[in-house]
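Engineer: Have a look at this one.
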Amino acid sequence: MSPECVRQDAESLRREVSRWESQARQRERRLAELERELLEKSSRAESLRRQLDDATRQLEESRRRHGEYVSQPVEVEVESADSQRALAELQAKNGGLQEQLSVQRQLLRELETQLHESQRTCAQLRTQILVYEGEMERAQGQLEVEMQNLEEEKNRVIEEAFIRAESEMKAVHENLAGVRMNLLSLQPALRTLTCDYNSLKRQVQDFPFMLDKAITEAKQEICQVISDVSSTNQELLRKYKREMNLRKKCHNELVRLKGNIRVFCRVRPVSQEEQDSAADAKTMLSFDSDDDAILYLANKGKMMTFELDKVFPPQATQQEVFQEVQSLVTSCIDGFNVCIFAYGQTGSGKTYTMEGVPDNPGINQRALRLLFSEVTEKAPDWDYKISVSMVEIYNETLRNLLGENPSDKLDIKMNPDGSGQLYVPGLTEFTVQSPEDINRVFELGHMNRATACTNLNEHSSRSHALLIITVSGFNSATGNRTQGKLNLVDLAGSERIGKSGAEGSRLREAQCINKSLSALGDVINALRGKHSHVPFRNSRLTYLLQDSLNGDSKTLMMVQVRPGPLTLWGPAFWAPQGCADPTSILYSPVFGPHEYS
Ligand SMILES: Nc1ncnc2c1ncn2[C@@H]1O[C@H](COP(=O)(O)OP(=O)(O)OP(=O)(O)O)[C@@H](O)[C@H]1O
């Protein structure tokens, strides 16, 4: 039992005993009262008895006297009438005394009854007192036993605590001895520290003077460094401008040597459906493991070789493709206009290359993210603004995909500012400041494109989708300004009308697509051939992109190819030499094909 429990038990027993004691005291008081009452009643009974005795004595006296009178009746009768009157009075008195006696007797009986009653009560109370005393003795005995137990428990607990305290004391003494030892060994260290502290204190006192001196020296050095840096900056600025000019010259030279139009080819992987159909899966294409610019095509026992700027095999990833185009993308930060076209027949992977899929984005998103990181790196010298427009060309009609009314038709006009530049009145331009803005813009463009048609997949195959990114920069140090435009174009599918057998509105759609693709081919051929006249106005697409195809702008044609038998490939590989189809560049003297038997 814990000391706390023992203490609580003793406390409750103590309370119980005091309760019993107060009860006993009450009963003792009551007993005393009853005894006092008994005494009173006994003395009253005694006085009544005395009264009774007196009355009896008087009565006896009266009787005796009466007897005397009765024994001498004649004498009385003879003696006098007075005596007779006295006799009558005595008789009346005797009657009264008789009555009094009977009353006193009655009273005595009552008092005797009361006395008996009181004696019985007294006996009962005495018995009760004896019972109480017995109980009290028993309680006292119990209490003493409990007290004894508690005393023993207390002694045991105290003994245990004492033993514990002794062992703790011993441990504390040991610790103390260790601490004393440590203290002894620390004393020399303390002396060293005190010495160090004193010397530091002296140094701190000297510090303000030293600081003043150091600040003055540092100021002089900083002034010197600032003047050195400023002259170095001017030197660097001069070199930077010279490098920029050199870079531009080199680029122009490169463009002149290579032409500013590149052609890449991307072959998409065989889909599950195509794999299931054994005939379709048989591909006639092969690649050169040593030269990533060569594509082989087996046709009627002959091997044709196409030489392009770059060929991406089916396993090429979105990142690998983007890596090859990123220098073109960033050149718009330097003020160049750039066009990247995805060209190919329906299902060849144009949208996959340009837009990509949510978890693996294509050139559009990657280009915007790269532009963001590049312009951020150039801050704070350069301050850039990136704005975005989205346009769709369907049946030679221009639609504003970021506008409030995407079904409204837009027009292309000459800018009234006299710059000779074209512009599209009413075309919505969003300034984007973060990758989140880009996502919002793409979502809006996609939603507007979807709401304007009944079947988005079919519609997107038959319309050109353009993402136009304008990057304007201002260098606060040099005052230089730049403006470049990046046009990312997902062209409509390039099916041949004759083969598709289209009629009515489908025929008109196909004619429009062919017309605009031919116009694009004409423009590219005229630009590559450096013709004096370039027929930009022959289609909405080439007219809209005039600024971005002309001059020192850069163009990339990404020819998308779907695998499978030759019959499925469409005009990309079938266009006869000299045909206006833009893919005829594949047949140009530069790219081939070279036939081998
Ligand atoms: N490189 C690739 N890797 C994996 N899947 C691809 C690749 N290229 C295309 N695909 C898939 O092939 C299918 C057709 O591609 P996509 O829709 O991009 O073709 P498209 O040329 O844009 O067709 P359309 O002219 O009808 O718009 C899609 O399911 C696409 O996800």
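Cβ from N, Cα, C; glycine included.
I grabbed these lines from TrEMBL:
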REGION    1-25  region 'Disordered'
REGION    40-70  region 'Disordered'
COMPBIAS  40-63  compositional bias 'Basic and acidic residues'
DOMAIN    260-585  domain 'Kinesin motor'
BINDING   Gly344, Gln345, Thr346, Gly347, Ser348, Gly349, Lys350, Thr351  ATP binding site
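Show me how these features fit into the structure around them.
Structural biologist: Across the region 'Disordered' (40-70), DSSP assigns 31 helix, 0 strand, 0 coil.
Within the same chain, residues at least 6 positions away in sequence whose Cβ sits under 8 Å from that of Gly349 (ATP binding site) are Arg266, Arg268, Gln560, Arg562.
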Engineer: In the three-state scheme derived from DSSP, which category covers Gln345 (ATP binding site)?
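Structural biologist: For Gln345 (ATP binding site) - judged by DSSP and reduced to three states - the answer is coil.
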Engineer: For the region 'Disordered' (40-70), find every same-chain residue at least 6 residues outside the stretch whose CB is under 8 Å from a CB in it, and list them.
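Structural biologist: Contacts of the region 'Disordered' (40-70) (Cβ under 8 Å, skipping residues fewer than 6 from its ends): 76, 87, 90-91, 93-94, 97-98, 100-101, 104-105, 107-108, 111-112, 114-115, 118.
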Engineer: Around the ATP site formed by Gly344, Gln345, Thr346, Gly347, Ser348, Gly349, Lys350, Thr351, which additional residues qualify by having Cβ within 8 Å of the site's Cβ center?
Structural biologist: Arg268, Ala342, Ser461, Gly493, Gln560, Arg562
Engineer: Using a 10 Å radius around each Cβ and all protein chains in view, which of these binding-site residues has the most neighbours: Gln345, Thr346, Ser348, Thr351?
Structural biologist: Ser348
Engineer: Please list, in sequence order, those binding-site residues from Gln345, Gly347, Ser348, Thr351 with the Cβ less than 6 Å from ligand 1.
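Structural biologist: Gly347, Ser348, Thr351, by Cβ distance under 6 Å.
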Engineer: Compute the average pLDDT of the predicted model within the domain 'Kinesin motor' (260-585).
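Structural biologist: Averaged over the domain 'Kinesin motor' (260-585), the predicted model reaches a pLDDT of 83.
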Engineer: How many other Cβ atoms are found within 10 Å of the Cβ atom of Gly347 (ATP binding site), counting all protein chains shown?
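Structural biologist: Its Cβ has 17 other Cβ atoms within 10 Å.
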